[in-house]
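**Student:** Right, I'll just put the structure down here and ask away after.
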Amino acid sequence: MKHIKLILITLSLIVILLFILIIGPTSQAKILESSESVTVESEESNSLTELSEGQASEISQTQKKDSDELAEKPQDKSAEKEQGTNPYRFNLKYDKYLVEEPYTYTINGEERHFQFDEMLKHIKIADEAATQHRLTYIDNYKNRNGYSPYYKNGTVDSLGNSRSASAPAYPNLQDLNEFVYLPDGTLVNVLEEDSDYTLISPVGTDLEYSVPRQYVRTDDCLTSLEKAIVVDRTNQNIATFEKGREYTSGGDKDNSDLLWKAEGNGIKAGWNDVWSITSYSMATTGKVGQYHQPTPLGYYYAIERRERFYYLQDGTNTIEGYAPYAVRFTAGAYIHGISTAYKYSSTGQRLDPGIKEFSSTIGTIPLSHKCVRNYTSHAKFVYNWYEHGKTIVIVIE
């Protein structure tokens, strides 16, 4: 019995020993492996952190260099165009009936466009004239300063200008038979004055004329040129522009910048005059006819504004209706809204049907008597935006 117990004890010890030899080392190895793995992961994590901190300055410098190189790299103009980059300066104060970039549209199968470049070119001419001379205008509305003399027994001069509401302009005072008619409102440079004549030069020309003093409005000169209304007879549209100031550090002149205070081929560093587009819209100008005249080309003083002006029935002295929000720039020509014709009751009482906003003929073909018709909302904008003594009108084609 004693021997059996010894045998069992011996077998038990052998089993335990085998368990330790076979299973124990594997478990220990796994435990050690797990511990080493954690240590390695932790070391790798610390290494990554140290690497990030060590390279931070280098990465920052690299990013800054890339950014600077990108900023210095010339921009691709074709890419700008594809992205719709606008070459003009806008400060829109009226935004109805807008034509989107590239500012072209079709009327009765004919392509039209807004000639912003040409408009700005003409504004530049007037702007430069304003820095050199005193600008004023010819004043003979309704011949209030006297009818001009007949030109060679006729009422039209060699340039096609009419006698009515005009002033005689003599290129040579030694020959008073030769002259031209300058229409009321014509914008002129005042060069010299004496007791009888004022030597002037119409803006946009290099011509000089002597005009009898009563026709030159020297007490209502342009105080400063801040605003311009430009009418395009060819495309039957209109745009308004306003001068502002902008600071530039200088550089190459870019025509799209519309910065005109330039030195040589570069922009002058400092504050520069900048013209921005404040509105643009379709319009209708004057046509040729018995009671009609084309809206005359040229540079004009924006003389006055009226909330409404009344017009006569053709060939009569009867008031037919009125046009709202009018700015007069030459003789009886206004920039105005859609005209309203009076209606009459069965008893002959005159009735006002009210102001209209829209006409389907706006921007199509010349139709007016001489004026520039606008959508009434645009005419109202111009009427309120206009400043006497600071605004001119230019008619181009």
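Every residue gets a Cβ built from N, Cα and C, even glycine.
TrEMBL does not curate its annotations; it predicts them automatically.
Grabbed the feature section from TrEMBL, which reads as follows:
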- 42-53: compositional bias 'Low complexity' (COMPBIAS)
- 63-83: compositional bias 'Basic and acidic residues' (COMPBIAS)
- 281-394: domain 'L,D-TPase catalytic' (DOMAIN)
- 42-85: region 'Disordered' (REGION)
**Student:** Need one number: mean pLDDT over the domain 'L,D-TPase catalytic' (281-394).
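**Tutor:** Summarising the domain 'L,D-TPase catalytic' (281-394) by its mean pLDDT gives 97.
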**Student:** Could you give me three numbers for the domain 'L,D-TPase catalytic' (281-394), the DSSP helix, strand and coil residue counts?
**Tutor:** 10 helix, 48 strand, 56 coil
